[in-house]
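Undergrad: Please see the structure below; I have some questions.
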Amino acid sequence: MSAKAVSELSGKEVLYKYFDSTGIVSAPHAFHVKAGDKFSDIAAKYEWLAKDNKGVIKPDQLIKRRGKLGLVKIGSPQELETWFEEKANSYVKVGQTEGRLHTFIVEPFCVHTEDEEMYVAIYSERCRDVIMFYEHGGVDIGDVEEKARSVHIPVRLDDSEMSITEREIDNLLGPCKDKDVIRKFIQNLYEAYKSLHFTYLEINPFVLTNGKIHILDLAAKLDETANFICSDKWSSRSASARIARSIEFPAPFGRDLTSEEQYISDMDAKTGASLKLTILNRHGRVWTMVAGGGASVVFTDTVCDLGGASELANYGEYSGDPSESQTYEYAKTILSIMTEGNPRPDGKVLIIGGSIANFTNVAKTFGGIVRAFETFIDKLKEHKVSIYVRRGGPNYQEGLRRVKDAATKLEIPIHVFGPETHMTAIVGAALGLKPMPVVPTAPQTTGQFLLSPERNTAGTERPPASPVVVEYVKDPLMKRHPAYQSLFENDTKAIIWGQQHKAVQGMLDFDYVCRRHSPSVVASTYPFTGDNKQKYYFGQKEILIPAYKSMATAFASHPEATVMVTFASMRSVFETVLEALQFPQIKVIAIIAEGVPENQTRKLLKVAEDKGVTLIGPATVGGIKPGCFKIGNTGGMMDNILASKLYRPGSVAYVSRSGGMSNELNNIISQNTNGVYEGIAIGGDRYPGSTYTDHVLRYQHDDRVKMIVLLGEVGGTEEYRIVELLKSKTITKPLIAWCIGTCADHITSEVQFGHAGASAHGEGETAAAKNTALRVAGALVPDSFDDLGNKIRQTYEELLRLQIIVPQPEIPPPAVPMDYAWARELGLIRKPASFMTSICDERGEELNYAGVPITKVLESDMGIGGVLGLLWFQKRLPPHANKFIEICLMLTADHGPAVSGAHNTIVCARAGKDLISSLTSGLLTIGDRFGGALDGAARQFSEAFDQGWSPMQFVGEMRKRGTHIMGIGHRVKSINNPDKRVEILKRFALNKKEFAQETPLLDYALEVEKITTAKKPNLILNVDGAIAIIFVDILRNSGMFTTAEAQEVIEIGALNGMFVLGRSIGFIGHYLDQSRLKQGLYRHPWDDISYIMPERNL
């Protein structure tokens, strides 16, 4: 939802901050006091109230006419406190809604008379802003629409051109006194309205006292999608630049957010997907989990239409391709509420519904839902929950299979249906009012569309609607039709803004299956990449499509392109579309982005109208014209395009707001008629770029369209334009119309349904009122959405009988190869992998180290030693092993600049090489002579120990072989001057309280050391030997490794990796040190080199 009501305190603070520099508005410091607060403690912070001045207190919870309801108190601080304590946490009924009073605004009382009270309001419409003023305000103002004077300000691209003229403001103020101050106030108020992205602002009343305006009562809505523009402007006067905005968007009165609703709201704010949840009746029997904004409204409508409103527990939606983990959290939240408390004797039902998705991976989202089932399996059984599922879209077959498998595995009643079943048919069955829908007998397989465009009809015989004709099409281009403002034909060319490879490939596949002669996408443009060519497929043929950094270059290079599809984000789409509108070749722009600020949309509408360009969107999936052109992801995957026969034109054109519901209309129309001629989803925002009327009139004037389908919705008045056109006989073709959102009449509290524009602001904007008006005007209106398909089929059959529609021969579409990546995703193919890995997996929602999620790695505080254990050994090592690894890394990190590895690193760094090159230079010196003794020591000591040699035998045997004992001996240190590093390792390993295991090989090595040091004092156990031997003890005696695994670790050189990893720390240190010291190129001095030349001249 874009336009959201703000608290009175927030609205005033925003205005006070804006007006601060003008000096014409009194800006007292009001404050909130909430139920449970101690009034006197908060009031003591405000000097104006501490002086025993009069104040005003009233609820700040979006309650209208508080004065009439006795919810305003004027008095001393003590009187205000008494009134607060009386009212806090009490319940009051406002209209049909009962709610708890919990948040109050307290502000200074402005002494005035009723005669001084005035009224001003500003609100936005599609093409203009309206300013209303009346010199008498207050609670008894009455019908302000009739009394107030108003000024209409047309939308302009330049804000400076949207202002009130002197003549207009004189007419607006009328007989008002003190015009100068009020004139300045209203002029600045309108500037604030535009700058702060208000969508509605009512001040009733305000007074003028001592030359200053006092705002006494305020109601306002801000465009929440403009947060990225206004976050600083929306902060309160006391907020610093580093503190997030303090604006408050309270829940509607009577709708306090539960902890679960707040949790989902917080999740929604952190993702590009849409997650919504409203609890209507916590103890209700009927629960829903619906995908899609439009579909969520339709399912709720159907529950209410079938008499289930009193048992409806929730309203909500998940859409926009949420991840599996997000869907899991959403489903888990619903199931947690659904299964709380005592079980009901009649059980509960969960309806998991949705339209046919355009791009959401159904299998992925259903994976999250199945995980939630597994989490709550005992509770689901305890509460006797029956589950009904209906879904379609990309990979839906795999998603439905997972749910069916869960039903068998978990032994819970789950009834599963796909797109062959009418979308809401499961609702009647779930409520026990209608029989269970019939399920096809054969299993669904995703790959079926490669063989046939039909939905699964195994076991049945499909009666041919018309003879099947296979013929070679020489020229696939239709003859250009003189249609009324046709947006797309089968030679339409488009440029795509953004890096949307999958969407572009989908458009090209659609072109191919429609037998287009050439691809519809001629180029893409994106300012963050250089000019290049990108590879795509047109059928089986690989093609290159140019991508341009400059939009101007793209359009200049492709003058035939008349359509732009922009995937720009809400932050950049305004500038992107504005730039595109400057190119005269453009006829249509599709804006996919959601969350575009309404003021920006209205400006784009103005410019597009002036230039004769049709906008589709924002917040849309786009549109489709079978046989000609499709926008982005419209129509979903190829299996749905073939099943809904979108590869060739039918006779039915439709217009809808919802993208998901437009795909559902494709399905319904294909099942009940000869198919879709064109379908447009205008988008869910309050001000769509083009309207129902725009497209219905196009269909009326296109003689290829024989019947029209309109799917309207609650909110707005656009459908009444269709009513007038029906009454005036401007629309004469059969029009099947249905407005979704009839559930709003059954829900007493305010709920935002589906899209940003789906909210009724008056009786006439309800879905029921619109459906009635359309029916009276001559539209064919079904009794419910459940009956929409029947109404469409009846109308089609009548047109067949009248021969207005003549069936055409069916030409099978060409086969379209499936992309390898998607075929593998669907499980249709397999291929030997080029690489294998068993230590890390980054593909899911969270990085895994050897199967352990990274969050658990951090939460368990296993440290770098634990991470090394997971990645090197696929083991969760015990704490003492983790600590030993970390000690080793610290001890081996460096041994001064003189050793060969550090020396090489320094020389390389001083030659001006980069860090990687310098580090590599040092690492390449590591071998048997430098740092490579760990593996050798581990092998020698463990072999001697395993063969049962005594320490003396081992030393003697090595002497006979003439082999040095690896890990024994030091150039400087001796038995009398021990290596402190080795001493640290010995103490740690021999402390059995900390090192909780046996160390037989270390004990053996210490006996060997006694023998070698008796011969020569410096033949001590060195740091390499100590590390290697203690690590072998960990491998063999910690209980984490089998004997074979321990031996394998030694043989593959893992122990030398410890030295490499540790010493890399030091080498990097030397590189950084030389760079910091700015040391020049190193040249070795002559006097440190012995020059031995041949004695005679060769």
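Here, residue 1 is simply the first one shown, and the rest follow in order.
Cβ atoms here come from the backbone N, Cα and C positions, even for glycine.
What TrEMBL says about a protein is an automatic prediction, not a curated fact.
What TrEMBL records for HIS755 is active site, tele-phosphohistidine intermediate. Look at TrEMBL and you will find 2-234 tagged as domain 'ATP-citrate synthase ATP-grasp'. Annotation source TrEMBL lists domain 'ATP-citrate synthase citrate-binding' at 255-432. The domain 'CoA-binding' annotation in TrEMBL covers 490-595. The domain 'ATP-citrate synthase/succinyl-CoA ligase C-terminal' annotation in TrEMBL covers 655-779.
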Undergrad: Taking the domain 'ATP-citrate synthase ATP-grasp' (2-234) as reference, which of 255-432, 490-595, 655-779 has the most Cβ pairs under 8 angstroms?
TA: 655-779
Undergrad: For the domain 'ATP-citrate synthase/succinyl-CoA ligase C-terminal' (655-779), what does DSSP give as the number of helix, strand and coil residues?
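TA: Tallying H, G and I as helix, E and B as strand, the rest coil: 53 helix, 21 strand, 51 coil.
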Undergrad: Which numbers of helix, strand and coil residues does DSSP report for the domain 'CoA-binding' (490-595)?
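TA: Secondary-structure breakdown of the domain 'CoA-binding' (490-595): 28 helix, 32 strand, 46 coil.
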Undergrad: For the domain 'CoA-binding' (490-595), report the average pLDDT of the model, please.
TA: 96
